[in-house]
């Protein structure tokens, strides 16, 4: 099988063949025909060559060591030479045509006499001529020899004068041209095809389209325009409300939200969409848009389907209205009505029940709030509600840095170190910035606070937008950059040293040297070459018998025996002529020619007798040198030396150098007196003082409260901050921070630069300056680490508790927590416990006067003894019936933790023997308990062997549980159920108010609470078949306080756990269960609770340790 072909050397052959077959015919000529012709070429091709492949495989052949030989046909690639048939295209004139001037023209065998050849052997005759070669002529209605036959052509067709054949006019066909063109064709010989679309008919002569109803356009390609339909789109659509009519029938297609023949009926309520086919999904009384289905919510709701109540703080339609409730009042999401917190009343909860500045149950406590910054003091708790911009326990602090507004919860948007107004959030921009958020730098030319100051920088210096200080360009210095760099320095800040030598001037911008006359080189280190002198050494010496000329002035240095300006005279000075006998009349040191006595003027002079100086702007020999460009001078250069006459404060050959630092005046002869980095003006010696200094010599500091150049700015620092005289920056005193030291240290910090960490505890406020702690109500100590001592409470622990009968007092509010047997606000009312069932509950006794306490106590003891005797009798009967029965029961086990505030409890399979109370136990938080109403049957566990109750020295109550032999537990039933955590446990009291010899049971009870905790119970016993009446105690958990503890022994792992029971105040109700087999146990209650006859079972869930034990036992 051939997989691929590799052509070698084929392309040159193909190219040659193609060149040989091409011609000059125009291939686009419709009369040019082409055909493919074949030819052969030799190629090398690859193919798959089969071969026999031997391989080995495992098999059961013992003789060959379980190895067998196998064969299979495989393929590999091989190459061979062969012939390849190729094809090439060849073009020539089609049959009936011949080539003429690169075109294929038709050929007629008989020459067309009165016409032209239009197709092979076909002539197109001129009007009035006919025949195969257009040589015959007859009138329009006749044909044949002598034109004797009459033409039979119809519809205006012409007949051939020779044959009588009809030549049909446009739109007709047939032997006599009596037939119209077929459908879909038109024109001459019916050769044209109609272009009409959408079923339109075509005129057989012209091809014009006749559109069907619903279409228009030259080819009927367009639908009727909107609002029109029918034949020629002349009928008007009747559709309403944006309905679209069918372009043919006019039937209306309604938009979403409308229905009916003409779309005139809106969707019925609860429906929407096209044809009203979809059902609205809006909740809470919301209505939906009939077109889109979008929900329009009723007041108080929002969300895509109106399923959400308004967020807290908003109410009404679209939740667009803001609640007006004050002082923590709750706002009704529909109408905005306020539900006030305790202590407030009024339509908006704006009226406190206590007068201003007081709080408490009797409005007798003074609010600790700073009234100036306090919105309100809670009339019940005394809690301070701060005004916007204030925070802290007593509203004595401003918002932390970066926050503002109510509760200091809004984040400031200020940038570039700006302060934020703690009330409004308005940005107080730092100097150099402006804008709402201080994000914009001051415009060029301005600086300072609010960009209100104008810069005073010269010579394109950059002005700091913060303090207006000038950053000079290269070559300038001074407070306002108005002074060139002093002599010998250049560059930025005039910090670079000039390298110019021999009196060369240094450019203060780039440090380039301008050499004095007579010197050259980059650093003016080279004298002029021999024979040259002057500026840039461009002048030529004019000396005859001299040892060169002076490089600066050009004076000739005459050789011995020669004199004169050019050293060309042997006569002594002032003489000339033969024997030097004639006297010269030349002035100003000129010499005269030894030959003719003409004056040769000294440099700087001119005239016949050299009595005149050079014209302004020129100097030197023959006054031919132009003065240099003097920068700071009184006029043109000196006529002799070319030296510039510098103004005060300048020096150098071109007067382009400022006096050296510390000098000023004409020829820099004055000595500056400026101090404290003041800049001396080189012209008159006046001082430009550095910011923060004033005075003629800059020796006086700015007076307090002022800063900047000439001390023109006023400081804006607060709270004792130090103001920098240079830039006005505030150095805050301890306890303050911010741009102008207007903000206290952030919470938790104090002291210098707010770097010290506060040590206050229990939510106490920390003084931002000293770090001293201001304790919250109920705490005291240096760091507020101590609760108020016993019998005191409140702010500063200055209020005395008013609780009686060994009751405890809340260290914050002073609320009394009564000891067992007492109730009332001051625990001054005794309580009598009466036992009954759920259907006939006895009420607690009325309040007993304090002076009748002993009588009530004796009566209670008597009743208690009777109850205990009755329970003992029942217990004896119960024990007799329980003998021989299965004693297995679940035990309460607790997941170990360290003071865990959760409800992780587990019911294990059974209680083991010999459980011992361990005093070193972990703690668990007591859960909330609920009022038990009608009980339903729960799983029952029978036969607790013994329950012993003892009281420890620390007044804590302990329950010691001991089970019977765990080997007697039934293994026939093993299931896991999930039960509510509020299944109850009941029991009876003995003479000591404790339980003895009681069974253990669980029952489910309906709750008025909305909480729904669950626990997993492993191996529950068989459920009882009937309802059980149970006694109960309502247990409620107020604020967490110190409490007594009950210890429950755990399983065989000996993990002992203690759970914390919070103080409770509740109505005590008693009951006993009608079924004698269902006796109940009781956990000990805290010392400040009433004695119950029933206690809630702790919420339980299966623990990992319990599961591990179960798997081991199984």
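Quick reminder: no glycine exception, Cβ is built from N, Cα and C everywhere.
For reference, Swiss-Prot has these:
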| type | residues | note |
| --- | --- | --- |
| SIGNAL | 1-24 | signal peptide |
| TOPO_DOM | 25-856 | topological domain 'Extracellular' |
| DISULFID | 93-104 | disulfide bond |
| DISULFID | 125-134 | disulfide bond |
| DISULFID | 196-209 | disulfide bond |
| DISULFID | 254-263 | disulfide bond |
| DISULFID | 297-306 | disulfide bond |
| DOMAIN | 315-350 | domain 'EGF-like 6' |
| DISULFID | 325-338 | disulfide bond |
| DOMAIN | 404-439 | domain 'EGF-like 7' |
| DISULFID | 414-427 | disulfide bond |
| DISULFID | 451-463 | disulfide bond |
| DISULFID | 601-610 | disulfide bond |
| DOMAIN | 712-742 | domain 'EGF-like 12' |
| DISULFID | 732-741 | disulfide bond |
| DISULFID | 760-773 | disulfide bond |
| DOMAIN | 798-828 | domain 'EGF-like 14' |
| DISULFID | 803-816 | disulfide bond |
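Note: the CA-CA distance between residue 760 (disulfide bond) and residue 732 (disulfide bond) rounds to 23 Å. DSSP assigns residue 451 (disulfide bond) to a helix in the three-state reduction. A contact between the domain 'EGF-like 12' (712-742) and the domain 'EGF-like 14' (798-828) is absent, since fewer than 3 of their C-beta pairs, 6 or more residues apart, lie under 8 Å.
Within its own chain, the domain 'EGF-like 7' (404-439) has Cβ neighbours under 8 Å at 386-391, 398, 447-451, 464-467, 727-728, 738-740, 742-743, counting only residues six or more beyond its boundaries. If you compare Cα positions, residue 610 (disulfide bond) sits closest to 414 out of the disulfide-bonded residues 209, 306, 414. When secondary structure is read from DSSP and collapsed to three states, residue 104 (disulfide bond) falls in the strand class. Among the disulfide-bonded residues listed here, namely 104, 209, 306, 451, 306 has its C-alpha nearest to that of residue 816 (disulfide bond).
Among the disulfide-bonded residues 134, 254, 732, 741, the residue whose Cα lies closest in space to that of residue 325 (disulfide bond) is 741.
The Cα atom of residue 773 (disulfide bond) lies nearest to that of 741, taking the disulfide-bonded residues 125, 134, 414, 741 as the candidates.
Taken residue by residue with DSSP, residue 773 (disulfide bond) is part of a strand. Classification of residue 414 (disulfide bond) by DSSP places it in coil, neither helical nor stranded. Taking Cα separation as the measure, residue 732 (disulfide bond) is nearest to 414 of the disulfide-bonded residues 134, 209, 263, 414, 451. In terms of DSSP secondary structure, the domain 'EGF-like 6' (315-350) contains 3 helix, 9 strand, 24 coil. Under a cutoff of 8 A between CB atoms, and with a sequence separation of 6+ in the same chain, the neighbours of residue 125 (disulfide bond) are 112, 114, 115, 131, 134.
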